[in-house]
Amino acid sequence: MTLSHTSQVSSRSCLAIVLAAGEGTRMKSAKPKVLHQVANRSMLGHVLATLTQAGATSTAVVIGPDRDDVAKEVQKVSAQARIFVQTDRLGTAHAVLSAREALAQPGDDVIIAFGDTPLILSDTFIKLRSPLAEGAAVVAMGFEAKDPTGYGRFITSGNELLAIREHRDASEDERAITLCNGGLMAIRGDLALPLLDRVQNKNAKGEYYLTDIVEIARSLGHRTAIAVVSEEEVHGVNDRAQLAAAERMIQNRLRQAAMASGVTLIAPETVFFSHDTRLGQDVVVEPHVVFGPGVVVEEGAIIHSFSHLEGARIASGAGVGPFARLRPGAMIGPKAKVGNFVEIKNTDLGAGAKVSHLTYLGDASVGAEANIGAGTITCNYDGFGKYRTEIGEGAFIGSNSSLVAPIAIGKGAFVGSGSVITDNVPDNALGLGRGRQTIKEGWAIGFREKAQAANKK
Ligand code: UD1
Ligand code: CA
């Protein structure tokens, strides 16, 4: 992508139309296809976010009837997008025309994208639009297919795109062509409606094909163009195996991007990211770590093996895991340490604080340099409400203690191990809440004598 392309494109307004009315029968799912996720975001969400990055100035999404769930996802990712319903599925051109009201004010460019093609990059949309700035009426996105079966074929003459022939309508000779239609198209705004309105359904499927606008544009004396992308980028998802393939490709991209930005991944193929994972420089991620949505890891922190993190922020120099689980609202302070078999939710862990083993902290705040002993549990829930635990700076919680919230442990205070703490512990005090130990001297001797005598009988 040259700079001149980008700047030529960025001065033009652009309506993006996303087709998302498919049933996705082959997914065998109660959920509509476009809501299935890759890297923790719906496929439709990926496409919408990419279109925004690519400079779409308005967006229309075509969905199937009674799809409130899809409409809700559109609003979540792209609040200004307009939603249109395609009642009968009569083909891709018919689907685009469902957004007729939006097409009436198209802006300079119109781009068409599919909601089930989540790997498209924003640069590709820009590449697709740039021939429009140079006078083309229609640009189609092509790729060299390893196996072209099922795709529309590009009928070309030199660099000219003459037509796109759908597989079912193609002759033997045309089926030998491997340059295929990726599905994305860009249309000069003022021509979009006139071209689409001319599409007919005289073909093998009896559908209104978007691809027919190439031939129509040429018959009206307009110029058409081709933009070429990798097969990976136009990978469409129709079944669960293709969904897994899309996940694999997007994870590879996220891993490459993390390493390129200065993150060490010891075994990148075993680490799974979310689309929004943010990692600072010199973060180290050991093998087998899973990042759910909304995780930020600052410079130099280390995430040890087998940890699962979501909605968490890990400050610089902190250590997490192995085998740690950070849930939403876990805020791990600078140089704090979270060890093995520790679960943390909605909790602020202060700088340098240590929670080294076998602990649950929920709805708590822990002051700097506090030490939370093994087996500590915040009892934050009584079946009805959630309650907070406040632990002061430098406090020391003895192992195997239950802190029954709401509760406050003061700065520098101690809690004796094995305590069940139900009353606040003031600063610098010792809180003990356990049965007092008693000693019975020589008790074992008497016990053994009695037991042995009983056994001889
Ligand atoms: C389409 C292209 C084909 C291209 C292929 C790339 C046409 C006519 N053909 O074929 O050239 O090689 O994509 O994957 O465009 N949709 C609707 N409403 C409809 C019909 C389709 O919303 O009435 C949506 C689908 O949900 C899907 C997209 O449009 O997201 C493409 O439709 P699909 O039927 O999968 O087209 P293909 O036959 O794969
Ligand atoms: Ca398809």
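Placed from the backbone N, Cα and C atoms, the Cβ positions cover glycine too.
Quantities reported herein were computed from a predicted structural model and do not represent experimental measurements.
What TrEMBL records for 1-240 is region 'Pyrophosphorylase'.
The annotation domain 'MobA-like NTP transferase' is assigned in TrEMBL to 16-151. DSSP labels the residues of the domain 'MobA-like NTP transferase' (16-151) in these numbers: 49 helix, 32 strand, 55 coil.
If you look up TrEMBL, you'll see 19-22, K33, Q86, 91-92, G152, E166, N181, N238, R327, K345, Y360, N371 marked as UDP-N-acetyl-alpha-D-glucosamine binding site. Look at G152 (UDP-N-acetyl-alpha-D-glucosamine binding site): DSSP puts it in coil. Cβ-based neighbour count (10 Å, all protein chains) for G152 (UDP-N-acetyl-alpha-D-glucosamine binding site) stands at 26.
If you look up TrEMBL, you'll see D116, N238 marked as Mg(2+) binding site.
Marked as region 'Linker' by TrEMBL: 241-261. Taking the region 'Linker' (241-261) as a whole, pLDDT averages 98 in the prediction.
Counted within 10 Å of its Cβ, the other Cβ atoms near H357 (active site, proton acceptor) come to 17, all protein chains included. Annotation source TrEMBL lists active site, proton acceptor at H357.
Marked as acetyl-CoA binding site by TrEMBL: A374, N380, Y381, S399, S417, R434. For N380 (acetyl-CoA binding site), the Cβ neighbour count at a 10 Å cut-off comes to 23, with all displayed protein chains included.
For the binding-site residues Y360, Y381, the ranking by surrounding Cβ atoms (within 10 Å, all protein chains) places Y360 first.
Around R434 (acetyl-CoA binding site), a 10 Å sphere centred on its CB holds 14 further CB atoms from the protein chains shown. Here the region 'Linker' (241-261) has Cβ contacts under 8 Å with residues 27, 36, 38-39, 43, 118-119, 232, 235, 268-269, 271-273, 275, 277, 279, 281, 285 of the same chain, all six or more residues outside its ends. Long-range C-beta contacts of K33 (UDP-N-acetyl-alpha-D-glucosamine binding site), restricted to its own chain and to partners at least six residues apart, with a cutoff below 8 Å, comprise G22, E23, G24, M27, M43, G115, D116, V237, N238. Neighbour counts of Cβ atoms within 10 Å were compared for the binding-site residues N181, N238, S417, and the top value is held by N181. Between the two most distant C-alpha atoms of the annotated acetyl-CoA binders (A374, N380, Y381, S399, S417, R434) there are 22 Å. Within 10 Å of A374 (acetyl-CoA binding site), judged by CA to CA distance, lie the following recorded positions from the set L19, A21, G91, N181, R327, H357: H357. Checked against ligand 1, the binding-site residues A21, D116, N181, N380 give A21, D116, N181 in sequence order as having a Cβ less than 6 Å away from one of its atoms.
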